[in-house]
2 protein chains.
Amino acid sequence: MISESPNLTIFHQKSSPSNNHTMAPVITRPGSEENLLNISSNDLLPLGEFLFIRILQANPKLRSVFGIPGDFNLNLLEHLYSDSLVNEVEFIGICNELNAAYAADGYAKVIKGLSVLITTFGVGELSAINGIAGAFAEFAPVLHIVGTSGVKAMAKADVATPGNIHNIHHLVQNKHPLLSPNHHVYKKCIEDISVASESLDTNVTANLEKIDKVICTILQESRPGYLFVPSDIPDIRVPKSRLTVPLDLGELRDPVLLEQVSSRILNKLYHSQKPSVVGDAFMTRSRVEAPFRSFVDKLPNDFVKLFNASMARNIDETLPNFVGVYAGNMTGDKSVVASIEKDTDTLLVMGFLDNEQNSGNYSQDYSQIKDVIKIHPDYVYIDEEYIMIKNFKTGERAFSIGDLIKRLDKTVDANKFLYNDHTLSNIPAKKPIVQLSLNDPVPSEVITQNKLVDFFNQYLRPNDILVVETCSFLFATPDLVFPKGVEYYSQQFYGSIGYALPATLGASRAEKDLGTERRVILVQGDGSAQMTVQELSSYIRYDIKAPEIFLLNNEGYTVERIIKGPTRSYNDIKDDWNWTELFKVFGDVKCEKHESKKINTTSDLKELCDRPKTSKVEFFELRLAKFDVPQRFRDMFT
Amino acid sequence: MISESPNLTIFHQKSSPSNNHTMAPVITRPGSEENLLNISSNDLLPLGEFLFIRILQANPKLRSVFGIPGDFNLNLLEHLYSDSLVNEVEFIGICNELNAAYAADGYAKVIKGLSVLITTFGVGELSAINGIAGAFAEFAPVLHIVGTSGVKAMAKADVATPGNIHNIHHLVQNKHPLLSPNHHVYKKCIEDISVASESLDTNVTANLEKIDKVICTILQESRPGYLFVPSDIPDIRVPKSRLTVPLDLGELRDPVLLEQVSSRILNKLYHSQKPSVVGDAFMTRSRVEAPFRSFVDKLPNDFVKLFNASMARNIDETLPNFVGVYAGNMTGDKSVVASIEKDTDTLLVMGFLDNEQNSGNYSQDYSQIKDVIKIHPDYVYIDEEYIMIKNFKTGERAFSIGDLIKRLDKTVDANKFLYNDHTLSNIPAKKPIVQLSLNDPVPSEVITQNKLVDFFNQYLRPNDILVVETCSFLFATPDLVFPKGVEYYSQQFYGSIGYALPATLGASRAEKDLGTERRVILVQGDGSAQMTVQELSSYIRYDIKAPEIFLLNNEGYTVERIIKGPTRSYNDIKDDWNWTELFKVFGDVKCEKHESKKINTTSDLKELCDRPKTSKVEFFELRLAKFDVPQRFRDMFT
């Protein structure tokens, strides 16, 4: 429940001289509503420093924050260089704010905890907003800190008369030209794409509560939240003692209900003749993989069939009772559909993520299943009823999804499955991995997306981190059979193209901060890569676990071409970029930090399997035919 | 009042077969509330086609629309290829949506009329939002058309129950997981950064009214507006006859008030002993340059002193009575300050733009001036009173700023200035252009920003279009003395770095569409260029009037370095990019469409003055010292 504080017990006072300038007035002022005079200055520290330390308490693994400087956040950024923080956290300067939001999202997902994005008033925060909406839609716990206009400027605006309003830079004017601008105008934009937002001011006690509230809500909901920090308050002093107050990351409020729900779920399974369990996305997104995997392992593997949701892929697909990836009628292997829809009496969906992409366009048919149980962070659906575990008025949960999964894991008993006669009759025989490319009517040396699926089914190794951009290849991921421990990330539901390239930077940085030794593999389209391409520069700027990038160059927006206007100019991009020269332009002329290679043939592709290990970023440009798409995507339109 | 229709009198029926697919359901349905059965199909045309034709009526000069395809806008984009439009308008595919918004902004400013940005639901519109906020803050008439979820999907959402809600891609979920997503959720974000927004639906008559309302409001306010077009309605048929209804681009509602205000202003000038006129930004942004310049030319040039506001620069600076650029205590030449603040009895500010940047941080001191008159699009300030010419309840104006300027121009009589004795005593003697670099203590070959000011004072020619990014050099623009007819664009107030590079693409495209033969010059910092750099690709993709780009490479966010943290890592960027190789990577390996050059010395710089004319994009990388800034910017902090 309480994150341990990292090695930050010694807090050096840091003098941060205020720097009055004409563009964003910066003043240092004490908390106006507090009497801190009776606290020794040794027991105080600047608000900015406090904030970053608190963040480290909420995520002790965090070593990187992402952002772009602006005159409204400089006073805050300065505190990253205080003695207590300078060796703990590094500021990762990103080329632009949207990319930074994507990077923070990728970082949060791989580090499995809070990540931080810092932008400036208006121009910065708005540039990032689509990345935050994506983190909201796809459940990434990103804290977006925005340096705003100062409290002094806000106070001035409140009393201004027509003759003396101040329109300050980065802040859109009031529509009435004789009224003051609304310094809070941008906050409206993020109400529906964030789970918490607070504006700090000069009230010290309230500030500290707001910080905790936002951080804790972000972690509880696994979704983004905002702290708005006026430019003139990061230096105000706050009591250190607050750092000893534990963060409330989700109290167990109703153990009785927890026990009841857990028992009902298990009893359903115990009394099932043909039980199936689907691993769905919230097991990952709510960061409960460990008890979830432990629970799944305890289920009798000669009796309970296992499936993965297409956006989840968190059940070990090498388990003997793993049947397949299930996404309604978009499931590739129709016997998988039959196995779940027609040959299951009790279905437990663990971490139910309800959307078009994850459900095969809502084509899942559970009508022949007697009992369907869905575990969601906010409710449990059982016996055709929703048991709400989140109170939407207070925001509190009776218990967390983690509490429930832990409880299930702790209490499940493989011997209690009444109908398990150990004949294995429930588990369909394992099929070999389908060779999708067998029927591709092209010369053997020509790379197709089907062949690429076959390639990755050979290429992937246990514990790889695989990031797939929203591109035509994404539709093929259900045909990939993942080795044990593969972590798979995409933005399949929100589908903001351009996401994956900076997100993989964040993911790679998280992998570095975690100190594990996993491969990070990005599969990326050319149209989407053009959106955020400058961030390749950061791949070689920062010390990251060097990822492998597979760029699928197929001359434009292939997904859209299949939907409409295959040869229309709106689906074209500038398709003659020299992709393999990009890293040189971004400074690595001598290829000291990267290797780029054109992969023109299936032989080139095969050679990748045996290449030596390198610590460099690897960039592979695969030239694909303009209208070639994976079989599964083609099938959607025929 | 009424824009002439371009050559679009023949409307061919176009069959746009609907394309049902699983991701964004597309249906063709007639107007549900209309009975169009009694209209011959020859008298109908698809809504999408109607919309684009109406846009061309509102801006007959428009030949380019900017955007990015997405499955929710494809049905709309298709109509750009109808027989009546395919030779009239080209879709300019931009690398990402923020860049596209910037490009549309630059296009609007140079074409001096409506520009169009087309994005897709959620991911696209939100990515562009910062660019639209900039267009709002800086008054660019951009129409942002967003392809949204279909009316069918919206109707479904309205009646959904917990078991059958549909979370569709690109749309953030409801915070309550058992409630339908709000298909209008993103519309809240743009309320305060746009002047009109309408959502089209199946009501044909209402749609046509909404389209007109949005277009007309955008043009009247010179600010962005939105049309949300559901993916399944671009094919519905609407009556052609509506195209003959004139667009109301600002009716003269109160000629009596117009006459009164105009007379009062002129009488103040006629009775002034020391009149001064400031050309301010709305003369450009409200697109009333022609009558404005004509009016200024009619003022006795031996009597009325002329000044430019720093964000305006629209009075010909070569006129004999032009005194200088005035921005309060940030004015370089203090005699200019004295001339306006201490030696003026009647001050007429034409097109008053009220903000921090334009006012020298609100340091203008008018206390010694007897009469101050300010003309703003929404009011006239005279005799210490605000005469409101816009009714903020109805949005209507008694008259437009154009009506007023035209009236002033028509009625001003140079012979009526009572105190003009033709002695020239009112007009200070012209000073030579200051050589800022004279005192730069560096070797003569070293380029400094002060030397760059001197260079541009030599280099600029009449009618150049100059775009300056928000960068350290921007602060030096008041020290540039513009030849006649120079158009100057920046985003000095909103200050979103990254703006200028795509905006210059839009500006260059507008220059091409206008068919004039002006030079387009961009001055750009390296930190800002990294934000939007991929758009250089579009410079060589599309047929544009090839601009000249001066990239000031000074290793990071120099403006921020001067404000705070000069050596902090947050102010660094990856500073070893091979800028001059960028266009090659973007496909112009043989330099057929561009020339790139490193400008290392003042000799290199001088050589640029005599180089031969080229039709290629020219890119000059100027290496500058990390902490070197223009004198004027340095002065702000000393």
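Just so it is clear, glycine is given a Cβ too, placed from its N, Cα and C backbone atoms.
In this view, B:N554 (Mg(2+) binding site) is surrounded by 25 other Cβ atoms within 10 Å of its Cβ, with every protein chain counted. Residues annotated as Mg(2+) binding site in TrEMBL: B:D526, B:N554, B:G556.
Positions annotated as domain 'Thiamine pyrophosphate enzyme N-terminal TPP-binding' by TrEMBL: B:52-153. Model confidence over the domain 'Thiamine pyrophosphate enzyme N-terminal TPP-binding' (B:52-153) is summarised by a mean pLDDT of 98.
According to TrEMBL, the domain 'Thiamine pyrophosphate enzyme TPP-binding' annotation covers B:486-586.
Under the heading region 'Disordered', TrEMBL lists B:1-21.
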Using the Cβ centroid of B:D526, B:N554, B:G556 as the reference point for the Mg(2+) site, which residues of the same chain not in that list have Cβ within 8 Å?
B:G525, B:G527, B:L552, B:N553, B:E555, B:Y557, B:T558, B:I573, B:D575, B:L624, B:K626
Helix, strand and coil residues within the domain 'Thiamine pyrophosphate enzyme N-terminal TPP-binding' (B:52-153) as assigned by DSSP:
49 helix, 21 strand, 32 coil
Neighbour count (Cβ, 10 Å) for B:D526 (Mg(2+) binding site):
26
Can you count helix, strand and coil residues in the domain 'Thiamine pyrophosphate enzyme TPP-binding' (B:486-586) using DSSP?
47 helix, 16 strand, 38 coil
Would you mind listing, in sequence order, the residues at least six apart from B:G556 (Mg(2+) binding site) in the same chain with a Cβ closer than 8 Å to its Cβ?
B:D526, B:G527, B:N571, B:D572, B:I573, B:D575, B:K626
